[in-house]
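J.: Checked TrEMBL, it gives:
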SIGNAL    1-24  signal peptide
DOMAIN    26-323  domain 'Plant heme peroxidase family profile'
DISULFID  36-115  disulfide bond
SITE      63  site 'Transition state stabilizer'
ACT_SITE  67  active site, proton acceptor
DISULFID  69-74  disulfide bond
DISULFID  121-319  disulfide bond
DISULFID  200-227  disulfide bond
């Protein structure tokens, strides 16, 4: 939740369209109780280990969860590499800034050692995303399991289905609504912008040639120091952290910042101005516990939307490639 082209905005990679599929009825909290009882502990320990070595793995885990579920459902299609004849979702400009895909194979390898051919990459991704929230100080979120993995990944799907960085509030709320996520929960999910960073290429449109009046003037001066030109160089990885106060803390400070005009994206500012969303922003800014509750509820809805289950898809051995035929 985001927009789709940012490193930190984790959310607005919410779909515009979805493939038909089964419901989430086949998912269960106890799906691996006998199949792989140690699964959640394995993912927990490995995710924490990777976070301690590569701090941004936690942020990437959350963002990859949202961008995977936001394009054709939670099926780990975002983890597939391109192959001849198939340009993957990773190549979409809407997934610009996504990274650390390789570490999901590290987590999956640990799971395979314990329970070979049993646990999907999609379920590993969902659990790793949950652990990312926890490792950054956020709430524990119960996640149902039993997903299977997509057989393919298409750039054009991500191009079409992920909401763009400059989308207006009508588009954003409609995208969440298609997932069964109401306005209050949509605002809560956008609170994930409290962590990570925004690439300058996704920010300079609000700074040049004139500063968007919704941005605090002093903060705009700071952003111009971080992004000194309207012409950006992606190789330089120029960025600004979304939350300078608690940059690696999953908390409600995002809402306090955007109320001060210190949001990076158009949607950040719009949340404080739109009559449908502004009261929720104030409520979350005042009550971190309430934010956690609504964020967790929203993640539950998202992660259960149209999964592959039963005999659909496959259980990949390595997350970046489909199984050999």
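Residue positions begin at 1 at the first shown residue.
Cβ atoms here come from the backbone N, Cα and C positions, even for glycine.
Unlike curated entries, TrEMBL annotations are predicted automatically.
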J.: Could you please provide the mean pLDDT value for the domain 'Plant heme peroxidase family profile' (26-323)?
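T.: Averaging the confidence scores along the domain 'Plant heme peroxidase family profile' (26-323) gives 93.
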J.: Roughly how many Å separate the Cα of residue 74 (disulfide bond) from that of the residue listed as 'active site, proton acceptor', to the nearest whole number?
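T.: That comes out at 9 Å between the alpha carbons.
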J.: Can you tell me the three-state DSSP label for residue 63 (site 'Transition state stabilizer')?
T.: helix
J.: Should residue 121 (disulfide bond) be counted as helix, strand, or coil on the basis of DSSP?
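T.: Once the DSSP labels are grouped into three classes, residue 121 (disulfide bond) ends up as helix.
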J.: Tell me whether residue 115 (disulfide bond) sits in a helix, a strand or coil according to DSSP.
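T.: For residue 115 (disulfide bond) - judged by DSSP and reduced to three states - the answer is coil.
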J.: Just give me the nearest neighbour of residue 115 (disulfide bond) among the recorded positions 63, 67, 227, 319, Cα to Cα.
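T.: Comparing Cα positions, the closest of these recorded positions turns out to be 319.
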J.: Using a 10 Å radius around its CB, how many other CB atoms surround residue 63 (site 'Transition state stabilizer')?
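T.: Taking every protein chain into account, the count is 31.
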J.: Measure from the Cα of residue 200 (disulfide bond) to the Cα of every one of the recorded positions 67, 69, 121, 319, then give the nearest.
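T.: Going through 67, 69, 121, 319 one by one, the closest to residue 200 (disulfide bond) is 67.
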